[in-house]
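Read through the structure below, which is laid out as structure tokens, and then see the notes.
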Amino acid sequence: MTDRDAQPLLSLSKISKRYGGVRALEDVDFSCSAGSIHAILGENGAGKSTLIKIMSGVVQPDTGSMTLTGTPRRFLSPAEANAAGVVCVFQELSLMPDLSVADNISIVGPPTRLGLIDAKAQRRRAEELLASIGCEDVNPLLNVRDLPLSRRQMVEIAKALGKKPQLLILDEATSALTNSDVATIYEVLKRLRREGLSILYISHRMHEIEELADRASVFRNGRHIETFPMGRYGHGEIVELMIGREISAQYPPKVKRERPAPLFEVKKLTWENRLRAVDLSIGKGEIVGLGGLDGQGQKELLLALFGVLKGVTGEVTLDGKPALPGSPAEAKAPSRRIALIPEDRKTEGLMLPMSIAENLCSASLDALSTGPFIDRTKEEVAITDAIKRLQIKIGSPGDAVATLSGGNQQKVVIAKWLMTNPRVILLNDPTRGIDVGTKQEIYALLRQLADKGAAILFYSTDYDELIGCCDRVAVMYDGAIKVELEGDGITEQALIASALNIDAGAAARSGHGVHG
Amino acid sequence: MTGSTPDWLIRLRQNAGLASAIALFAAFYLVYNMAHPKGFSPQVFVQNADEAFALVMVAMAQTLPVLLGGLDLSVGAVMTMVNCLASHLVVGSPLQIFFGMTACIAAGAAFGFMNGCIVVYGRIQPIITTLATGAIAIGIALFLRPKPGGKVDEDLSWALTNGLGDFAETYHLFDDGKAAWFQPIAGIPVAFVLLILVVLIIWVPFRRTVIGRTVYAVGSAEGAAFMSGLPVNQAKLAAFTLAGVFAAIGGLFLAIQTSSGNADIPQANSYTLNSIAAVVLGGTSLLGGSGSAIGSLFGALILRVISFNFRIFDIPPLMQSLVEGLILLAAVSLGGLRVLRIKNRLELFR
């Protein structure tokens, strides 16, 4: 069971890729063979996405080379990779919402008659491809916009199969599927393996990988750690391979103390089918982490608590009084004072062309105004305070906020919300893509805010942060909180095991994971 | 959502904008004909078709840039430019007339292509590009026709702005239009037939090319279109060029209809603004990606039939603008109902 003697279908050698100062892949050698389902494992940010983006021509590597069936290749665009038989089903969908299912499936190279697109042939093609993955119920006439997410994902898979791939890459392609779809996809993938395709399968669901894959590769911090046939290692060992790194960031010390009385309580919060009866409570001065894999409802929970989502049911209380806001404006009103540091600072956090000063004041203009007019003096005092408090490095407050570095932009977003003097602070992955120094300052700031009495709910995709910063961590899976870890029980093993929703005891012999 | 819904219902839902435009037009037009003393007669039909043709063309022209997610502020000006050009070229021998008409449409196509090049290669937003080039087109029109005037072949003018019977009589077809089989269709306006020909010969095939589909894909999700390896730039060039062609056909017809050229600036601007209204009334999204030129055709007809009704019901001119505005607003509001279904308010801004 060592490496197959046959020539690998695709192999990468010494591939490296950096984004700005961030190392995404370093010196990676990797290969995959025909007739195999090959799982790729790793934590968030381990370099899996960059790897498949390089294979499918979305980004080009800085260094290194790639060979396909023995010939050196370099894909400058996804279209080139597709033409060579490398097809990727991305996590972010590539479908055009206003076009029909049939149009989307045959978007490249549709069947034509007399030079014009043959709508009937195109529809038959769509029907055949959809039938091959058990999706006869999707009418190819429908616009993609009108399909539920799970069906869209199946259309995406049908579209990929229509390109007749030799190497099919599935990036979390099953994350939104229903159980019966997943079962069909398993059968399809196994059939394709028998037909000699090479399939790269990226998933965070350990059960799926065990069921499907014959080989697995573990990535960590942009490096390829090990490739092994499935069955060589147990769950626990695989999780250890995925972690295996020293904790690098510095965190402020946590104070051991009694759990404070709840200040902010959430009961049976439900929205569409993305949040399923979430129960959570945060005490005064407490930092509660939100863990779990991407897309398990963490973002929706934060948005719901900030009044962005319509049709939320359940109970939210602040200091015992009902506090579920109907809009962000209500959320930040003096009676609630809830703040949300949003996910994407470029679209939801900042008005990039406006000045640093204007951005800082944008959430607290009501407090800085006299009548209908903004009070210049108050504004200046507040701005100077905020800049000093967060040590934002700026030229002048009048500069456009777009001119700042990512870390300083993020500080502006945080400062903007601290100016509203919030009692509840919701953070949506606030340290993504910023430098270590700023991260440390943010950690210290969060602890300081908690000590002054704020209740903090902190979603992070970085397990280190959750361990280092939080008094408790609520781990979400499939729209609900499955496990709450507390104190010394917040370990990497326990976090990963509960994020994958597998038995904590099997994964972490020393973990203290508690089933909720 | 899936499976059980019959195909016709799906098609109807996807074309709800078009369907309601047709319904609205039919209702207004029925009222008009019932109130008109000569309602439902060929004369009324001919007159209406002639009055609507140019606006329909300009509205179809506007549709293509809108499908891409932009706006073309030069369509009315291009129409006016070609109108002035036609008042010089569409005279003389049949061959001269033919080449004159070809040159007119080629001029519109070239102008649209230029717009496309500036948008694609200059990376300037369509709205500002066409604001500037629209002024240029008006400049050219004024240069060609400093004062209203010129001449268009009289036979052609008569033949194209009346019924099929007159057309046949002018050009001595079908026993001067007296053939017995010809009588049932002799009353159909030529402008109406031209309209159908334009739709069948230009729009329908275009919609079914890869380039045509790419126009929709770009308006729907430009990033995804690019990532799918679609010919994004060619589609934009084609869309603006085709817009120029449609506007030119409108201008050419206007010249034939009025037998003259007129560099009328207020008229050019009102055609441009009305074309945007027509596109929206026809169910095309200003965000791009969904809708069709056929919708815009009916949108333009709605605008025209509103003014026909003003005439027939003697609405005082002082009230007309107000009433027209209210009708437009009400019609367009129907399209906004979708917003009520959105559950994540952030999606409203995406």
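Every residue gets a Cβ built from N, Cα and C, even glycine.
As annotated by TrEMBL, transmembrane segment applies to B:12-32 (among others).
The transmembrane segment annotation in TrEMBL covers B:52-85 (among others).
What TrEMBL records for B:97-121 (among others) is transmembrane segment. Listed by sequence, the residues of this chain that lie at least six past the ends of the transmembrane segment (B:97-121) yet keep a Cβ under 8 A from its Cβ atoms are 70, 72, 74, 78, 81-82, 85-86, 88-91, 129-130, 133, 137, 153, 156, 233, 236-249, 251-252, 255.
What TrEMBL lists as transmembrane segment is B:127-144 (among others).
For B:185-206 (among others), the entry in TrEMBL reads transmembrane segment.
Residues annotated as transmembrane segment in TrEMBL: B:237-256 (among others).
Annotated transmembrane segment per TrEMBL: B:276-306 (among others), in sequence order.
As annotated by TrEMBL, transmembrane segment applies to B:318-340 (among others).
Between the transmembrane segment (B:127-144) and the transmembrane segment (B:185-206), the number of CB pairs under 8 angstroms, six or more residues apart, is fewer than three, so the stretches are not in contact. Note on the transmembrane segment (B:185-206): residues 42, 45-46, 48-50, 52-53, 56-57, 60, 159-168, 177, 212, 238, 242, 245-246, 249, 253, 292-294, 297 of its chain, located 6 or more positions outside it, place their CB under 8 angstroms from a CB of the stretch. The transmembrane segment (B:52-85) shares more Cβ pairs under 8 Å with B:237-256 than with any other stretch in the list B:12-32, B:237-256, B:276-306.
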